[in-house]
Amino acid sequence: MAISFDRERQTFHLQTPHSSYIITIVEGLYPSHVYWGPRLRNASWPGGLTLRERASFSPTPNPDKPSLSLDALLQEYPGYGSGDFRSPAYQFALSDGTTVAELVYREHRIFAGKPKLEGLPATYAESDGEAETLELTLHDSFSGLIAVLSYTTFRDSDAIARSVRYVNESADSVRIRRALSASVDFNNDEYELVHLNGAWANERNLSRRALVQGQQGIESRRGSSSHQHNPFVALVSPNADEEQGDAYGFSLVYSGSFAASAEVDQFRTTRVSIGINPFDFEWLLEPGQSFQAPEAVLVYSNEGLGGMSRTYHRLYRSRLSRGEFRDRTRPVLVNNWEATYFDFDADKIAAIAEEGARLGIELFVLDDGWFGYRNDDTTSLGDWKVDLKKLPQGLDDLAKRVNAHGLQFGLWFEPEMISPDSDLYRAHPDWCLHVEGRRRTQGRRQLILDLSREDVCDYIIDTVGGVLASAPIAYVKWDMNRNMTEIGSALLPPERQRETAHRYMLGLYRVLETITSRFPHILFESCSGGGGRFDPGMLHYMPQTWTSDNSDAVCRLKIQYGTSLVYPISSMGAHVSAVPNHQVHRVTSLKMRGDVAMSGNFGYELDLTKFTPEEKEEVKAQVTAYKELRELVQFGDLYRLKSPFEGNDTAWTVVSADKSEAFVAFFRVLAQPNAPIDWLRLAGLDPNADYEIAGTGERFGGDQLMYAGLPVPRLEGDFQSATWRIKRV
Ligand code: DGJ
């Protein structure tokens, strides 16, 4: 039993293979947090949850029990208004206008398996034996609102999936103002906060800072998870590195506006919470209705950030992503965006595909510009009809020409958008997100379709579905190139306008669910100007994401390293692009560009026909090497060895689950004069096994490679890389 209940002590013990999470119901009412950390044998011990009388400024719900104050209690799902002054997990307004509420324990059930979250992406169990779930039902007796807290443990993972469902059992409507997915109270503040921040073309930089008294956190108000912040935070002990120390991860399975924060209070406890951003959010819950908050996936590791990441990688790769491609190696592709932008015709595309075939590439992706009259980015989004000026024989013919060269054919869409200059907008000017009478603010000369509307979602399903059925399409790149403004819907009544952004996400998830299940043989890759929506919500429907529009090899070291904090390599699109690079104008070697991209879902984003004969030979060798490597790289365990955020060198290794082989990559950005001799200490190998380096035949013990290190060859010049393939002998 992974979840047990001690009736006498009113205590729940959730055990994962290496961790324990303990909840106790104080006074039969208050679900309280006792422990989260390395696995314990027993959930109760003297003083496990210590209560202490505080000053009168921390009020007590029971005057006869002065040691109990909600302001000091470590809680599982705290509210506001009756004694806890810290940041609440929930808040709702009743029909009398008041916002005081107190959700207390009513009942619970423990059962095998993991239920689906209605309308939302989530991790899953393939059989009931894989997972166990605790549902704690809380109620506010005054209002009749119910909250069902759900906790799932997995047989094979150190993750705990949490979510909350509200049910209005009263005769009155209730306005939910805040409905976070998870809140955990730590009994001290000796941690650092880790999160990922960035911007377009500069996504997921690693940020780490000591906690201070008060609130600290991150959020997105953009209507998508965003380039600027990722829906993830971790608390780590100050000694935590890639191999050791405590790491507590909080990752939200959601693609819209979110908030995550850590609050250190007067008693130096720390409250971490994550969920839909309460800013500009409200949800009207009529009697009998329910509201499902997204899932938060919590991971504890005492093997530092490295251990935490590997737990996320395995879970997200195998029990968040779905579909035929979940466990399949991904094709090597070439995408024409940076090769042609909008300026192409069928012959140009066929020429790139033909060259791709000679180089061993398996998939051609036709990017933006194939529909409407889209010769630049000012028009036609929404008009998903092929541009017969560019492609006179249509898509089917082009796809078959590409197929004839032995490559599969993939296609770009941006289905959530509408250009003001489009037939769709002329026919349906009210189909975009907007507020009547106000300016409709554009981004990249486009507006966002109102996916809170069923008819708009159905239009997307029909038109995109129609194109997908019209030609042999094996891959789709699903793009989304701006953030939300004037977030209002023409169909929602005034009291529901603030539901628009979340209803949009529910609409989007319905569209994705329908299209991906209708076309199970298509590999879907999500994209939002690169990695503006690189989140677990999208990965549930699409197993990979275009990591960043920035494909410069040096910038990609940080972007891919930061992304790997939560997301597996199999989810990261990584392409070799032309030099000078189109984003930062840097010139790096083809070798380094190849080596960086090979630590992802490999491809090219340039005009293959422009390579010199020597470059073609090098590319052919890269493609061949990647095909031999991809099973390992896409599905192995990642160990980060040297951080690009800390110095001139970056290194990582991917080790197969059985530790029989590894791929090692080392990168040096700038040349160093009179450089020291470097020994790269590997990780994740079997210390008792012997390994051989492919190519040189040199043999090392796993212990020697991990504890003494692999000698790094002399590297001359800027932008250098070295890779090794290691096999157990
Ligand atoms: C943004 C994407 O990230 C690019 O890769 C490309 O598809 C463009 N959009 C096309 O408009």
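In case you wondered, yes, glycine gets a Cβ from its N, Cα and C as well.
Matching CYS457, CYS527 to the substrate binding residues that TrEMBL gives (TRP200, ASP367, ASP368, ARG444, LYS477, TRP478, ASP479, MET480, ASN481, ASP549) identifies CYS527. This prediction places the mean pLDDT of the domain 'Glycosyl hydrolase family 36 N-terminal' (30-286) at 97.
If you take the C-beta of ASN481 (substrate binding site) and look for same-chain residues 6 or more apart in sequence within under 8 angstroms, you find GLU414, MET417, GLY443, ARG444, GLN446, SER528, GLY529. Non-local neighbourhood of ASP479 (substrate binding site): ASP368, TRP412, PHE413, GLU414, CYS527, SER528, GLY529, each in the same chain, at least six residues away, with C-beta under 8 Å from its C-beta.
Secondary structure from DSSP puts ASP368 (substrate binding site) in coil. Secondary structure of the domain 'Glycosyl hydrolase family 36 C-terminal' (650-725) per DSSP, as helix, strand and coil residue counts: 7 helix, 31 strand, 38 coil.
Counted within 10 Å of its Cβ, the other Cβ atoms near ASP368 (substrate binding site) come to 21, all protein chains included.
Residue environment of ASP549 (substrate binding site) contains 23 other Cβ atoms, counted within 10 Å of its Cβ in all protein chains.
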